[in-house]
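Here the structure is laid out as structure tokens; the discussion comes afterwards.
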Amino acid sequence: MRAAILFCLVASSMAVPSGSLGSRPGTCPPQPSDQVMIEATRCSYVYGLTWDWNCNSQGQENYKCCQYENDIRICVPPIPADVDEEVGVEQPSQSVDQVRQAIQKTQDFIRKVGLYPAPDQRRRTTPTPDTVRWCVSSRCQMTKCQRMVSEFTYSPNMVPRKQWKCTQATSQEQCMFWIEQGWADIMTTREGQVYSANTTFNLKPIAYETTINDQQPEIQILKHYQNVTFALKSSRLVNPNTFSELRDKTTCHAGIDMPDFDMPASFADPVCNLIKEGVIPVTGNYIESFSDFVQESCVPGVLNMTYNKNGTYPLSLVTLCEDQQYKYSGIKGALSCLESGKGQVTFVDQKVIKKIMSDPNVRDNFQVVCRDESRPLDEEIFTDVTCHVGHTARPTIFINKNNTQQKETDIKTLVVKMMELYGNTDRDVNFNIFDSSVYDCGKCQMTGKPLNKNLIFLEESNTMKIVDDSKVYAGEVYAAYNVCSKLVPKPRAKICVTNVTEYEACRRFKGIAENIPEVKKVAWGCVLANSSIECMQAVHNNTADLFKANPMETFIAGKEFLLDPLMSVHRNDSVTMNHTYTRTLAVIKRSSLAKFPGLLSVPEGQPKYIKDLWKLKICSAGLKNFSAFHSPIGYLLANGTIPRIGSVFESVNRYFQATCVPEIEPETWRLDSDLLLGREMNWGFSSLNMYNFTGQEWLLWNTPATWNFLTYNRKVSTGLDIKKLIELKKQNLTSHIFNQNLSSPRNVELLDDLVGVEGISDLVKGVQDTIGPEGKQKMNMLRDRLSNSFPNFEAVRTLSDKVDIVNKMKDARQQRLQNKDHPFGNVIQETFQGHLMVDVFSKLLELRSDKISTLEEIISHVKTIPYLTDFKDVEITTVLKHPAIMSYVEIYFPRLSQTFVEPFDNVELREREFNRYTNPLWLSPKVHTYLDLVKNHQTEITKTCNSNLPLNFKGYEGALRCLKSGVADLASSTSRPSVTRTLRDTDLSTGWVHLQRPPPSLPQRQVVEIDVNMDIAKVCNFGEVMNPVLVTAYNTSGSWRWNITKALMIAHQSVALPALFGEGTVMGKDYDMLLPIAPLNQSYQPFLGSKPLRSMEAIVKASSYDWFKDQTGICYGETYTNIVKQRNETCQAIVKDVTCVGTPRMKKISVGRFGAKQFKMIKMCSRPSKFVRKMADFQCDNGFGYLKPVITAVACECMLCEEMIEYNTSFTEDNMWSDVSNKYVLTGEQDIYRQIPIWGNNSYFYDHTLNKNFELGNHSIIVEHVQTVVVERPSPGILSQVNSEVDPEVQVQMDSASLTKTCETVWNGQSWLPERFQGYKTSGSCVVPETGANAKSRVDRFRQIMQRKQQLVDHHH
């Protein structure tokens, strides 16, 4: 979609064959000779685009406006469209370069129009040879301009005669942009604006102001410069004497943004010049480099948000005048700062120097610092360039450099005339361009000074000079500013905090860090937000860089805001010295084991397993700690032990006999107070995500909760900004786009490569210029269908715009029904006011098929849904990545879909991950119904807690108290030392745990004794709970991450440590160290670990009422994240696959193809039934990456638990086979069957020990893997097949009489994808293997069976 928009803009900015308005037939010829270029007529451009009708001189009626090197546009005769390519049509490489340049210019145009809006359409007149439009940027300037243009227009001496007009912008930069685009013609600039006008906006200087009189003659080497800056010091000081000795000195400056003062001469000009000459080393941008060069300064205003946008500039820039910036601002303030001894040097211009020299009483008190020595104040310093620290360009007049040569010459002539007629007149009698005193503009509220100063022109100026095009204008200024403009700021690290105490601590850390050599290589800053969600959003939006997040915040930050962990914040009571804080455990009373009689018969020392967890009552420590509720409950939800039906609370309440989760009473606890549980309702933001609509409306209203809270708006670096494109549409700047021929073959061929969107050309290939009667009828039918299916309204909405959203939808639908007679494209344009995207699709709608129109409708509606408009309007790729849209695009635009998906993506996995996407309409509750159900289950869950009010069950110790009191059987806990001490003193056993290498009996849980040192917790746990981490945006570079990590590690061992850790600090009192995280784990999925990750993914899944989940005999799958590791686990990829769950019954099946059928009870398990091979993106620990296909499961069914089940057919059991005399006896060499295989004579029918394919006499089903297959007579090509992944010592026998339902391990893919689980050995079915003395190998068991059979045969004989 973004590419379609970009293509249209690019197509309109090129000279392509077209018969539309603004473009003449033919193509641009190759660049002509230099002489032709000089003599040719220049042509202007409008809206940043070239227009042929600018070539309107006599004889140029068919000329085209063509652009060549150095951005020069001239009128040239075109090459006819029907001329063969060999005659001179541009070669493909030239076309590629031209389109690429057009793309860059279009992006620059869109960026600027967002910063500097275009004038309204009434004032957006096109450039003509007879009109000159002067642009000003204030009301006072406009007053003077109106009088000025009146004089110019009606004066008979202002020849050549022109019509002069004024146009007012809001800033000088906006004026520059308007002139660049042809919406204005001329303006004056001063100081730093002179550089911006020429470099940023491509304007051309034609004249400059100056002051020449007897007292101030023009100095040739300084004629282009308004001011020359000098470094002034007190003559009492020995140092500094040279520029290099300015290092580590204190400096005073007039300021950086104060009005009515010559600021560039005081700061920017000298600093940039000293950087250019190598005096000031480059350590960041020019302000940062200067602050590192000097010791302390007084630069009034430098920390204001106008300049200090990131809030990271060092406080040392205002240390000398922190509380008195206004007092020391301006030239007088800077001199006062110097004279008072606060600073050792200040920077002033030549006018100040001359004023000091004119006073003999103070002249000897100062000296100027030059490159090699300090000098007294004398006239020689003005011509001695070694004493010039900086230069300020004179006020300069700029015009569009793409004006025609004639218009440029006319304007220069008129500037000379303007000076002659109005430059030296009596200001009291006649109009004078340099006089501003006659205009009443009020006074400045800050200073009380009148505002009618230096309007348009400087009052001190008295003449104007035309710039000589053959010479460099203001070269010293451009040289210095070019250096500064290319400087890269220090890596920024703004820490986001959520309370005032942490914010003040962050400010203290910033002040300390700016004085530590290695740490100050980073620009530190602080951001105060209202909540952790706002901090995540700030980091995502690049207004902050770091945020300390606990494990649940880390998960939400990564999943919703694309943030990555950078460093872990080590807690001082962590169980390890790495990133692990604690481990999630569960404990059960020994007396509760009596509920499971089967455990009593297990011999001492043998493992005990609990299968039916639903028989238990549980106690939780509450929702404040991840290990207390989210980790264990989430993991049981993820592996299917607890069926997810409705909300998490409802699922838990349905499953266990009783539950105590303290402090979740519905009267006091809200869903949005918990980051994981609150995602269900978008953290309290109003939403209609569960409202009962019908059909497509239901789908669209249910999708917000199935997608990210924020967007991937920074995912595609080359994407165009939709908001700015909308601005173009609003200002009618895009009408020319649809006058281009979208089906131009050359442009279509370039689309995929140049725009970077493979498949976008599919949208425009084969587009027809007309629609036949059938097509029109089809469009009318489509229009009627969509008008009844879609409620349309304005696409751009804000958070406050959702209260009456349903009513607006109904009203919009009625409007659609009333507009049936309108063309479909017009209806869309009327409905979606302001959307350029709709314009593009309307054009395509008229030319292509209903597939595009359907996609356009879906996209438009998704963009109107809450939380898809508030934050996701920035890039259209966001909408394309929406699951509902992706599923449609994958069918109809498969190539286009591959552009906007991650390397690993699958429709089926996506549907299971966003399960409301497939939830039936009749099972989708309304919001209030859902909330009522949640509250009912909250009430029931807290009954167990509230019925024992005298006992406090809050926290981990409260949960253990709950167990001891007999209220519950089992509780969640943690391996933290303070909790484990309580465990050792309590009559409890650890249980409900997950082994490090799971036995094949999960979701049973092994019960083990609590050892003295709690070492069992290292392997028996629900997963490790990680320490909090500093998260940052996903698209920060590797160098940035290392610079920040290194700086924080150095700060940890410096005087900054007390500001980082302790009471009232940035990290807090419970933490003591920052640990770097390896790049391979700098994503939230691998850092959190598989068990906690799946636990949280299960908690945040959208609620669905899938009735089948708690029914036996049903198998289904849930999508979760998995980590694929390769190359000795040094490379990993993050993928999605399916976890198979369910409780299938035993299945009775008949086996055998011939002979009597046998009926066998077969154990069924939920297993993957469908696999796909998708590309995965592997990242390695050394920064290397590669793409490689991996196989993953996408669907589940009830299947055999084992890959192979062996059985013996009925006819092999006949007694006949016990007598070898039953063989067919050959009658001699002449027997006709001698050369024919006789199956009844095969020896293994009579002696089964001769072939391992038979295991007779075993009436149970043997479930095992066959390691070796042996044939009696090996044939060529048949080899022994060995499976090295199988453990030959594992043997399992299933008793069909006692086993009624599955208890197998969750299918994670260990067997079917060995490369993902290296070192894993398949372990058979779900029943506990025989161990110890009773364990028998398969060979031993087989021999025993055969011995019994042989005994029967001998007895028969």
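Cβ atoms here come from the backbone N, Cα and C positions, even for glycine.
Mean predicted confidence for the domain 'Transferrin-like 1' (132-478): the pLDDT average there is 89. Summarising the annotation, Swiss-Prot assigns domain 'Transferrin-like 1' to 132-478.
Among the features that Swiss-Prot reports, domain 'Transferrin-like 2' is placed at 493-1101, with the record citing sequence analysis.
Sequence annotations record features per position, and here Swiss-Prot assigns N-linked glycosylation site to ASN198 (among others) based on sequence analysis. ASN198 (N-linked glycosylation site) has a Cβ environment of 23 other Cβ atoms inside 10 Å.
Residues or ranges marked as N-linked glycosylation site by Swiss-Prot: ASN310 (among others). Look at ASN310 (N-linked glycosylation site): DSSP puts it in coil.
Here Swiss-Prot flags ASN402 (among others) as N-linked glycosylation site.
Residues annotated as N-linked glycosylation site in Swiss-Prot, with sequence analysis given as evidence: ASN499 (among others). A C-beta separation below 8 Å, combined with a sequence spacing of at least six in one chain, links ASN499 (N-linked glycosylation site) to LEU528.
According to Swiss-Prot, the feature N-linked glycosylation site maps to ASN530 (among others). Within its own chain, ASN530 (N-linked glycosylation site) has THR498 as residues 6 or more apart in sequence whose C-beta sits under 8 angstroms from its own. When secondary structure is read from DSSP and collapsed to three states, ASN530 (N-linked glycosylation site) falls in the coil class.
Residues annotated as N-linked glycosylation site in Swiss-Prot, with sequence analysis given as evidence: ASN572 (among others). When secondary structure is read from DSSP and collapsed to three states, ASN572 (N-linked glycosylation site) falls in the coil class.
The feature N-linked glycosylation site is assigned by Swiss-Prot to ASN578 (among others). Long-range Cβ neighbours of ASN578 (N-linked glycosylation site) (same chain, at least 6 residues apart, Cβ-Cβ under 8 Å): LEU1075.
Residues or ranges marked as N-linked glycosylation site in Swiss-Prot (evidence: sequence analysis): ASN625 (among others). Cβ neighbours within 10 Å of ASN625 (N-linked glycosylation site), excluding its own Cβ and spanning all shown chains: 21.
According to DSSP, ASN639 (N-linked glycosylation site) sits in a coil region rather than a helix or strand. What Swiss-Prot lists as N-linked glycosylation site is ASN639 (among others).
Over all protein chains present, the Cβ of ASN1035 (N-linked glycosylation site) has 13 other Cβ atoms lying within 10 Å. Annotated N-linked glycosylation site per Swiss-Prot: ASN1035 (among others), in sequence order, evidence recorded as sequence analysis.
Marked as N-linked glycosylation site by Swiss-Prot: ASN1208 (among others). Cβ-based neighbour count (10 Å, all protein chains) for ASN1208 (N-linked glycosylation site) stands at 19.
Annotation comment: Swiss-Prot describes ASN1258 (among others) as N-linked glycosylation site.
Residues annotated as signal peptide in Swiss-Prot: 1-15.
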*asked:* So among ASN198, ASN310, ASN1035, ASN1208, all listed as glycosylation sites, which is physically nearest to ASN639 (N-linked glycosylation site)? Use the C-alpha atoms.
replied: ASN1035
*asked:* For ASN310, ASN402, ASN572, ASN639, listed as glycosylation sites, tell me which one has the smallest number of other Cβ atoms within 10 Å.
replied: ASN572
*Which of these glycosylation sites is closest to ASN310 (N-linked glycosylation site) if you go by CA atoms: ASN198, ASN402, ASN572, ASN625, ASN1035?*
ASN1035
*Please classify the secondary structure at ASN1208 (N-linked glycosylation site) using three-state DSSP.*
coil
*If you run the three-state DSSP split on ASN198 (N-linked glycosylation site), which class comes out?*
helix
*List only the single closest residue to ASN198 (N-linked glycosylation site), chosen from the glycosylation sites ASN402, ASN625, ASN1208 by CA-CA distance.*
ASN402
*Find the one among the glycosylation sites ASN402, ASN572, ASN1035, ASN1208 whose C-alpha lies closest to that of ASN625 (N-linked glycosylation site).*
ASN572
